[in-house]
Amino acid sequence: QDLPGNDNSTATLCLGHYAMPNGTLVKTITDDQIEVPNATELVQSSSTGKICNNPHRILDGRDCTLIDALLGDPHCDVFQDETWDLFVERSNAFSNCYPYDVPDYASLRSLVASSGTLEFITEGFTWTGVTQNGGSNACKRGPASGFFSRLNWLTKSGSTYPVLNVTMPNNDNFDKLYIWGVHHPSTDQEQTNLYVQASGRVTVSTRRSQQTIIPNIGSRPWVRGQSGRISIYWTIVKPGDVLVINSNGNLIAPRGYFKMRTGKSSIMRSDAPIDTCISECITPNGSIPNDKPFQNVNKITYGACPKYVKQNTLKLATGMRNVPEKQTRGLFGAIAGFIENGWEGMIDGWYGFRHQNSEGTGQAADLKSTQAAIDQINGKLNRVIEKTNEKFHQIEKEFSEVEGRIQDLEKYVEDTKIDLWSYNADVLVALENQHTIDLTDSEMNKLFEKTKRQLRENAEDMGNGCFKIYHKCDNACVESIRNGTYDHDVYRDESLNNRFQIKGVELKSGYKDWILWISFAISCFLLCVVLLGFIMWACQRGNIRCNICI
C-alpha cells in the first residue's frame, strides 16, 4: 500500500531566496567577512586622466603661474582680466621678468585664486618729481626692456628723488587689492644711481594696517642677468578706507587695484590635460566620477567630490546573505527551503517559492517581498553619498621655510582627519551592511510567516523552510498561496483526513520497532531471573559458599 504522502494527495511548498555559487565578501558590525550575492564598490580608485572643462570653468595656466599672471609678466599678458572656477598651474610654468619674491606667497596665491578673477582697474596715482615706467633687460616685452604691467617702477628724476606721499580712498562698495613692491639693489652704487639716497624706505598704510619695508642692499645669485631682487607685498583696502603710500626711494608702485570677489574658485597644480567633458569633481590626477561616497585618488580636490579615505575598497551590500545551493541535492531530488540554503537560478526576484505536486515541480519569484526589500535598499547608496561628498574644495597647503612648525601641525591635522574619516567610513559601511542583511532576513521571515498563516492546519512546517501540504495542491492552488488568495477552509476536511491517514500509517509502520524493544527487555529480565535462581539453588546445596565479613 502506497503512503498517502507519496501519491497525488499531498504537495510540498518551499520558500527560499536568491543565491549564487560565488558571492562577494562584505564587512558588517558582527562579522568581518560575510558573503552576499551583490555588493557595490564605494571607493573610487581611479581618475579619467584628464580635467573636464564642464561644469567648472577651467583656466589653464600653461607656462604661467598665477602670481606671474597677477603681476603682469610679459609672457602672461594673455591672462589679463581673466576669470575662472579653477586655475590649473603646470609644473613647467616659469617667470620671465625681473626676479622677485613674495614673503607671503601662499596667502596671496590663495587669496587671488579664491577671488576667481584678474580684473584690474587702473587708477590715476600722481607721482611727482620721479621717473616712472622703469624697465629691465631681464623683462623683455618684445625687443625692448620692460617690466610687470601691473606695477610702476619709480626712479630718480635728474639727481633728486623727493619724498612721496600719495593717498587713494576707496569710495566703492567692494574690497580692493593693491599690489606693490620694494626694490633691493645689489650694490650701494646701484642704490644711489637709482634713488639718490643711500637707503630708502617704503611705508604703506590703511586705517587697519601699516607695513614699513627698508631695502636690503646686497648681491644675490644671478637670475636672468640680475643680482638684485624685488619683494612683492599686497594690501587690501576696505570700502570707506584710504590707502596711503609714503616713500623716499625703492618703491615699486601700484598702477591700480584688483577687484576682489568672494566665491569658491580655487587653484590646483596638475599636469593632466584639459578636455571637453563633464565632471563635478577634479583632482590633480584628473577628473573623477562623484557617484561614489569615497575616493583614494588624491587628497586635493575641487568641486563636489567623494571623501578621501585610505582604503582601496569598501563594499556596500545590495543583496541578502548568500548561502550557495547544495549541488549534491539535485534540483528537486529533496527540495529544501531558506533555512538550509539559498537557490541559484532565480533571476527575476530575491525571494520565491518552489513546489512539488502532482503536476511536477516549479519555481517562481515573489515580487512583492522582493520589491519591499529593494525599496528600502534603494537610495542607501545615495544617502551615503550625501553624508560624505565634499561640497567644497580641499586646497593645497603651502608654507614658507620659516613656517615649518605650522606646516608640520597642518600635516598632522590633515592626516588625523583622513584617519578619522577612514575609520568612520569603515563603521558607516559596516552598519549599513548589517542593516541590509538584517532587513533581507526579516523580509524572508515575513514571507514565511505570511505563508504559514494562510495554510494553518492544512500543512505542516517541515523545519527547513518548507511546508508539507496535506491536500492535493495543483499549480493553481500553489499560485493562490503565492498571491495571497488561498482559502484554507476549502481544503480543511481533505487535509484533516490525509493527515490522519499519514500519521496512522506511520504509527503502524512503527509497531515492529516497539515489539522488538519489548521482546529484548523481557528476554533480559528472564535471563536475570534464571541466573539469580541458579545462584540461590547452588548456595542451598553447598556448591557455592558466600562469606559476608563485617
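Just so it is clear, glycine is given a Cβ too, placed from its N, Cα and C backbone atoms.
Positions annotated as disulfide bond by Swiss-Prot: Cys52-Cys277 (among others). Within the same chain, the residues at least 6 positions away from Cys277 (disulfide bond) whose Cβ sits under 8 Å from its Cβ are Thr48, Lys50, Cys52, Asn53, Asn54, Ser287, listed in sequence order.
The disulfide bond annotation in Swiss-Prot covers Cys64-Cys76 (among others) and is backed by sequence analysis. Taking a C-beta cut-off of under 8 angstroms and a sequence separation of 6 or more, Cys64 (disulfide bond) has the following same-chain neighbours: Asp73, His75, Cys76, Phe79, Ala93.
All protein chains considered, the CB of Cys97 (disulfide bond) has 26 other CB atoms within 10 Å. If you look up Swiss-Prot, you'll see Cys97-Cys139 (among others) marked as disulfide bond.
According to Swiss-Prot, the disulfide bond annotation covers Cys281-Cys305 (among others), on the basis of sequence analysis. There are 25 other CB atoms within 10 A of the CB of Cys281 (disulfide bond), with all protein chains counted. In this structure, Cys281 (disulfide bond) is part of a beta strand by DSSP.
Within its own chain, Cys473 (disulfide bond) has Thr10, Ala11, Leu13, His355, Asn357, Ile481, Tyr491 as residues 6 or more apart in sequence whose C-beta sits under 8 angstroms from its own. Here Swiss-Prot flags Cys473-Cys477 (among others) as disulfide bond, drawing on sequence analysis.
Listed in sequence order, Asn357, Ser358, Lys472 are the same-chain residues six or more apart from Asn8 (N-linked glycosylation site) with CB atoms under 8 A from its CB. Residues annotated as N-linked glycosylation site in Swiss-Prot: Asn8 (among others).
What Swiss-Prot lists as N-linked glycosylation site is Asn22 (among others). Its Cβ placed at the centre, Asn22 (N-linked glycosylation site) has 8 other Cβ atoms within 10 Å.
According to DSSP, Asn38 (N-linked glycosylation site) sits in a coil region rather than a helix or strand. Long-range neighbours of Asn38 (N-linked glycosylation site) (same chain, six or more residues apart, CB within less than 8 Å of its CB): Gly23, Thr24, Ala317, Thr318, Gly319. Marked as N-linked glycosylation site by Swiss-Prot: Asn38 (among others).
Around Asn165 (N-linked glycosylation site), the same-chain residues six or more apart in sequence whose CB sits under 8 Å from its CB are Val244, Ile245, Asn246, listed in sequence order. For Asn165 (among others), the entry in Swiss-Prot reads N-linked glycosylation site.
Annotation source Swiss-Prot lists N-linked glycosylation site at Asn285 (among others). Cβ neighbour count for Asn285 (N-linked glycosylation site): 18 (other Cβ atoms within 10 Å of its Cβ, all protein chains included).
Asn483 (N-linked glycosylation site) falls within a helix when secondary structure is assigned with DSSP. As annotated by Swiss-Prot, N-linked glycosylation site applies to Asn483 (among others), with the evidence given as sequence analysis.
What Swiss-Prot lists as S-palmitoyl cysteine is Cys539 (among others). Under DSSP, Cys539 (S-palmitoyl cysteine) is assigned to a helix (H, G or I) in the three-state scheme.
Swiss-Prot lists Cys546 (among others) with the feature S-palmitoyl cysteine.
What Swiss-Prot records for Cys549 (among others) is S-palmitoyl cysteine.
Annotation comment: Swiss-Prot describes 1-514 as topological domain 'Extracellular', evidence class sequence analysis.
Annotation source Swiss-Prot lists topological domain 'Cytoplasmic' at 536-550.
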- Task: Sort the recorded positions Cys281, Cys305, Asn483, Cys539 by C-alpha distance from Cys97 (disulfide bond) and give me just the closest.
- Result: Cys281
- Cα of Asn483 (N-linked glycosylation site) to Cα of Cys477 (disulfide bond): how many Å, rounded? 10
- Item | Cys76 (disulfide bond) in three-state DSSP notation | helix
- Message: What's the number of neighbouring CB atoms sitting within 10 A of the CB on Cys539 (S-palmitoyl cysteine)?
- Response: 12
- Message: Looking only at the topological domain 'Cytoplasmic' (536-550), what is the model's average confidence as pLDDT?
- Response: 65
- Nearest of the recorded positions (Asn22, Cys139, Cys477, Cys539) to Cys281 (disulfide bond), judged by Cα-Cα distance: Asn22
